[in-house]
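Copied over from TrEMBL:
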type: SIGNAL; residues: 1-33; note: signal peptide
type: DOMAIN; residues: 58-322; note: domain 'Peptidase S8/S53'
type: ACT_SITE; residues: D67; note: active site, charge relay system
type: ACT_SITE; residues: H101; note: active site, charge relay system
type: ACT_SITE; residues: S273; note: active site, charge relay system
type: REGION; residues: 326-345; note: region 'Disordered'
type: REGION; residues: 352-388; note: region 'Disordered'
type: COMPBIAS; residues: 352-375; note: compositional bias 'Low complexity'
type: TRANSMEM; residues: 392-414; note: transmembrane segment
Amino acid sequence: MGRTKARAGGRRFAAAVLAMGIVVGPAALPAAADGSIRNDQWHLDFMSASEMWKTSTGQGITVAVIDDGFKLDHPDLAGQFLPGKDFSESPGGVGSYSDPHGTSMVGLIAGTGKANGGKGAYGLAPGVKILPVKINNGSVGMGSLESKEFLGQIGQAIDYSVEHGAKVISISQGIGEGRTWPEDVAKLNRILASARARGALVFAAVGNEAQSGNPVEYPGALPNVVGVGAFDRDGNITAESETGPQVALVAPGKDTVAPCTTPSGYCDGHGTSDATALASASAALVWSAHPDWSPNQVLRVLINTAGRADGGTVRTDAAGWGSVRPRIALSNPGDPGPADVSPLPADVAAASAAPTPAAPSSASASASASPSSAPAAPPKVEVSSGSGGGSALPVVGGVVAGLVVVAGVVFVVVRRRRGAAVPPGGHPYV
């Protein structure tokens, strides 16, 4: 999510929720004129949710949400939570929170709409169960103890999620590559590879700093992670959504209404955080319909059925393979391909040689992104709606992936050498 706007009494006002360098933060939203929050959830209409719910709601799938705490008793989320775990080392457990972020991510995935007499907010996969896993939401400094703790807690949370039956793991947080240390990233890489091998699919936001140097964010840019970007209701990639080879798919990520912790109970947000939650929910819908598929097969079908309205047949750094379209993946999945071969080039490259990122330098601790490092204009890549249109690049058995694996390796080397352009400090949210 990103900076949001709140509505009260029919008037919009800026939300004062930007403390601690938070680049995302939902704000209060009242009910629609007829009392139905669902009417404000354009992303569900865009993705043809009502149609695909006839086939799958995600039932039988556990989705782990790794975030900063959750409102367990929100009326739209009652009954959706499994017992979880708090790795944050802060008091209160998973049911305590400092802002609405985690609750909104769960709401986008698993909201039931039961609040207000059935006029609440829905998630894209209301049939799933949520495994809530809390990590520290404090400011993350370059090379500091906090950054080590952040990646360490992410790793612990992923391990815990897999051990407790999560098939899909949604991570709407991240840290700039230039603020991390090689040993911490290497350890997280091993955990991610293990999670995929043990049957879990990890989705993570690629970040919201496209116009501020476009820094690489972890874990969104790591192997064995599905990096997710964002687009708006017009089908255009949002100006803040980061670009690069780490982008695998895009999903709605602007003006997304979801349950949260504010007095109204609902928030209006934006960012690759929201998109990640919706991409994760999409995987749950497909996996529920095909419980015998492996993580690689679920991901391959999501990629093969993704769409771009420009008719493109190759991935781009802005939109990846295109907009995730679970309705198409459910109605016409095609060949899921081999169970043990990843469709992502970065995964293929990592399997043969895992590069080690350079240690952060003292210069990177004080450097900020220069104007020349930012894109001249925000990328505008139109993506197709959930109702059809567009095309996608089929990736079966890693054949097409092999054609671009060299580019993936070059990316790892070049982008990591530019780590000094990443501004220091800041909140881990993306």
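Including glycine, each Cβ sits where the backbone N, Cα and C put it.
Taken residue by residue, the region 'Disordered' (326-345) breaks down under DSSP into 7 helix, 0 strand, 13 coil.
Distance between Cα atoms for D67 (active site, charge relay system) and H101 (active site, charge relay system): 8 Å, as a whole number. If you take the Cα of H101 (active site, charge relay system) and the Cα of S273 (active site, charge relay system), they are about 9 angstrom apart, rounded to a whole number.
Averaged over the domain 'Peptidase S8/S53' (58-322), the predicted model has a pLDDT of 95. The secondary structure of D67 (active site, charge relay system), as reduced to three states from DSSP, is extended strand. Annotation: S273 carries the greatest number of neighbouring Cβ atoms among the active-site residues H101, S273 [cut-off 10 Å, Cβ to Cβ].
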